[in-house]
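Peer 1: Straight out of TrEMBL:
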- 305: active site, proton donor/acceptor (ACT_SITE)
- 155, 222, 243: Zn(2+) binding site (BINDING)
- 166, 246, 247, 254, 283, 339, 340, 341: substrate binding site (BINDING)
- 76-409: domain 'Amidohydrolase-related' (DOMAIN)
């Protein structure tokens, strides 16, 4: 598929060049198929001032024409992918590289657009309090030509040491003074968007609700929780499960644990329990992907859980306070067989998931776009191609390979053939 762009002057402009900066610049993407309203439709996409616009008033009220028309060569245009759990990549670890965190986040943000990711939550694994105090204030709010930063995902330190995974046990804490404990640990809750905690370790019944009131999504994970522990946390406001099946009790027919939340009848009416799932071909068996998809499809969110070795060759790297080793396409805590994160980019996760579950192309895309946006309650701005949404989108071929990535209507990546 060949993407071509022409402006009203008829002078060709390559797709990777920045559109002239006028806020009234009107772009028309033609010869494309849009992922919209849970289906693929043959329709043009119109963009102005960084947002997707309704062409009808442009035609009939303004009588305006596009300044630039982009021939998409029959490509699929989908909303940009959203990654709610990513620890780093391209040699950068958000929890470990404290001295160069600004530069590191920028490196990852610019690298992620290659895989179609236009928004993400930099994720910090369990770390010393001093690390949170140092890192959180320095994570940039935005990166030019990079994926947007939605807020920080604090995965720990309030987890169960029996399910610590790659998290350093000596840094794990308990919430012993309610919300004050979290404020003391993180220094500030201002930049935090998601907190993963073990619900059985939360003794103050008001903590989860207090976090939700502050606009923080509470996720349950790295936990030995029973189903009743999980149901109680959901009733208090928790709405997300961190990397389903990983770092939690396995499903048992008499007490299905956190996995049971996918079919629980104790979830408050009208509330959706979302769950992240890693479809990298390593962390979650294809049959487990199918079970999750068929049991609770509306809550499924694809996450990469990617680590610093994303985009790098095999060797020894770091995740948080621990060394890791990449070998045979997998990442382990160095010297062990304990998995500690994924090295598969989001576009690959989408393809693996679609193949494993035989779901529709639209569903696979929505699991990495609409569902995470709904989980964070930002679906009016992100995760769709609806009129008024941010013009963050990706052009895909029929094999769901990324052709180009656009943020605010500007091409930030184009695959070189």
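Including glycine, each Cβ sits where the backbone N, Cα and C put it.
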Peer 1: So which recorded positions out of 155, 222, 305 end up within 10 angstroms of residue 246 (substrate binding site), measuring C-alpha to C-alpha?
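Peer 2: The recorded positions close to residue 246 (substrate binding site) (Cα within 10 Å), listed in sequence order, are 222.
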Peer 1: Among the binding-site residues 166, 247, 339, 340, which residue has its Cβ surrounded by the fewest other Cβ atoms within 10 Å?
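Peer 2: Comparing Cβ neighbour counts within 10 Å for the binding-site residues 166, 247, 339, 340 gives 339.
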Peer 1: Determine, using Cα-Cα distances only, which of these recorded positions is closest to residue 247 (substrate binding site): 155, 222, 305.
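Peer 2: Checking each of 155, 222, 305 against residue 247 (substrate binding site), the shortest Cα distance is to 222.
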Peer 1: Which whole number of Å gives the largest C-alpha distance between any two of 166, 246, 247, 254, 283, 339, 340, 341, the residues noted as binding substrate?
Peer 2: 30
Peer 1: In sequence order, what residues of the same chain, 6+ apart, have a Cβ less than 8 Å from the Cβ of residue 155 (Zn(2+) binding site)?
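Peer 2: Result: 85, 87, 123, 124, 125, 126, 167, 196, 221, 222, 242.
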Peer 1: 10 Å Cβ neighbour count around residue 305 (active site, proton donor/acceptor)?
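Peer 2: A count of 28.
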Peer 1: Rank the binding-site residues 254, 283 by how many other Cβ atoms lie within 10 Å of each Cβ and give me the one with the fewest.
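Peer 2: Looking at the binding-site residues 254, 283, the Cβ with the fewest others within 10 Å is that of 254.
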Peer 1: With Cβ-Cβ distance below 8 Å and at least 6 positions apart along the chain, what are the contacts of residue 243 (Zn(2+) binding site)? List them in sequence order.
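Peer 2: Those within reach of residue 243 (Zn(2+) binding site), by Cβ under 8 Å and sequence separation of 6 or more, are 85, 221, 276, 277, 278, 283, 303, 305.
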Peer 1: Mean pLDDT across the domain 'Amidohydrolase-related' (76-409), rounded to an integer, is what?
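Peer 2: Across the domain 'Amidohydrolase-related' (76-409), the average pLDDT comes out at 95.
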Peer 1: For the Zn(2+) site (155, 222, 243), what does the 8 A shell look like? I mean other same-chain residues with CB within 8 A of the CB centroid.
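Peer 2: Going along the sequence, the neighbours appear as 85, 125, 156, 159, 165, 167, 196, 219, 221, 242, 246, 247, 305.
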